[in-house]
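Undergrad: Before I ask anything, here is the structure I am working with.
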Amino acid sequence: MKARLLILLCALSATDADTICIGYHANNSTDTVDTVLEKNVTVTHSVNLLEDSHNGKLCRLKGIAPLQLGKCNIAGWILGNPECESLLSNRSWSYIAETPNSENGTCYPGDFADYEELREQLSSVSSFERFEIFPKERSWPKHNITRGVTAACSHAKKSSFYKNLLWLTEANGSYPNLSKSYVNNKEKEVLVLWGVHHPSNIEDQRTLYRKENAYVSVVSSNYNRRFTPEIAERPKVRGQAGRMNYYWTLLEPGDKIIFEANGNLIAPWYAFALSRGLGSGIITSNASMDECDTKCQTPQGAINSSLPFQNIHPVTIGECPKYVRSTKLRMVTGLRNIPSIQSRGLFGAIAGFIEGGWTGMVDGWYGYHHQNEQGSGYAADQKSTQNAINGITNKVNSVIEKMNTQFTAVGKEFNKLEKRMENLNKKVDDGFLDIWTYNAELLVLLENERTLDFHDSNVKNLYEKVKNQLRNNAKEIGNGCFEFYHKCDNECMESVKNGTYDYPKYSEESKLNREKIDGVKLESMGVYQILAIYSTVASSLVLLVSLGAISFWMCSNGSLQCRICI
């Protein structure tokens, strides 16, 4: 009995066998990503796909300065409000920047027809040629071209008028019928602007135009309207009881526009040959101009980013990331980051790919840790790591390329009478925005899930590669590790790692050691059987003695009577 117990203890106290483990990289990263099934998964490496920062400034777009309207709006600039005269020298721009509450628009009160459509047209214009469509000094010899000024459009405390229009009035007591035409020979679209004056009383009508009933006719291939003055008492705006309505049209190359009137015409003086650009636009912003350059401008500030998404502003100009409402879009490129608990020892549960990664393996994503008489160490599997890096890099680049459709997204303009249309447009835009956001988030969630599964598969494949080489020359110990049945020096370990392990070379030694271990197991089973029988017999004897003692005591004090009958 003692001999058998001694054999068991000797077997249990044998030296540790050589061991090799398959595992993966871990580090001190705190990056977290979301997947379809999990939230806030800590990973070793990830890339951010969402830009959330800007510089708060208006910048040059690809080296071209914007047109800053300052205190003027689009109407004041294009009509030539005297307070906006300095803007007329600008011939080209990357985009137009307008402040939210610009004060200089139409100086003489009135309506600007189709103003929102004009803004939309100008949002795609990157330069124009300003030219005299009807030269001031020789186009209107029978009409007065100097009296048409007003205190409403004053400049430097003097009455003035729009710099692109002429207010024609009577000359020498008459206002002859006029007819003036222009043929577009600019080989570009030409923007033509004019106006119609509506006096507040008949006396002003007679004084200015020498007739009570007047008309203005404007005709081109695509435009045909006849206007009559509406003479009526109105509340004063900017000191004026009268009104001017402003109109515009685009004249195609080769087309002809004809103006006929016998009064009340605010005639074109300058027109604009338009050049359109793909990257232009109009933004409304309080941001100030700075000495900076960018590829993407928003009302909040410039974005310098190659990321596919941004959550700064839906209105963008230039090559910009797609706007989404997300607050986080991070794509995993590494592995689950589960550093091993070092206090649990090098081998055991922490060494495998099941419960934790290795912070000590820094030169690859997947690899090995071995222990033998010559020592221990980590080694990355460079081939599987590089294949994984290439695959994930290509995937990330593909996702960014597919989603990184950079473009200009300008706001749409609606007048006060189009409120229902504006509300409907907002709902449609919100719907598209929700779809874009959902698609972006779902794409990232799915790709993160696939990447983490991809890493798990790679570790498993590496494990199976080692298992298929070792076969029964080693045993699995259930944590990503194998315990050799033979001595495996560093050369042997290296052969396992590079896939050249010589199974027959170690088969005989492994077989002998395996049989010894199996013998010890059988011997141990015999010892355990003897101990079990001994324990059962001893327990039964103790129970019988105890019952006998109790019976004897009860008989002696009369508590138990025993009768023996023959």
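Note: Cβ is positioned from N, Cα and C throughout, glycine not excepted.
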Undergrad: According to Swiss-Prot, which candidate among C21, C59, C153 shares a disulfide with C107?
TA: C153
Undergrad: Identify the disulfide partner of C84 as annotated in Swiss-Prot; candidates are C59, C72.
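TA: The record-listed partner cysteine is C72.
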Undergrad: Regarding the disulphide bond with C59, report which of C292, C296, C320 Swiss-Prot records as its partner.
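TA: In Swiss-Prot, C59 forms its recorded disulfide with C292.
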Undergrad: Looking only at Cβ atoms, how many others are within 10 Å of the one on N27 (N-linked glycosylation site)?
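TA: I get 18 for this one.
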Undergrad: Just the number: how many Å between the Cα atoms of N172 (N-linked glycosylation site) and N28 (N-linked glycosylation site)?
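TA: Rounded to a whole number, the Cα-Cα distance is 91 Å.
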Undergrad: Among all the protein chains here, how many other CB atoms are within 10 A of the CB of C84 (disulfide bond)?
TA: 25
Undergrad: From the Cα of N40 (N-linked glycosylation site) across to the Cα of C107 (disulfide bond), what is the distance in angstrom?
TA: 58
Undergrad: Secondary structure at N304 (N-linked glycosylation site) (DSSP, helix/strand/coil)?
TA: coil
Undergrad: Whose Cβ, among the glycosylation sites N40, N104, N286, N304, has more other Cβ atoms within 10 Å than any of the rest?
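TA: The residue with the densest Cβ neighbourhood is N104.
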Undergrad: In the structure shown, which of the glycosylation sites N28, N90, N144, N498 has the fewest other Cβ atoms within 10 Å?
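TA: Checked N28, N90, N144, N498; of these glycosylation sites, fewest Cβ neighbours within 10 Å: N28.
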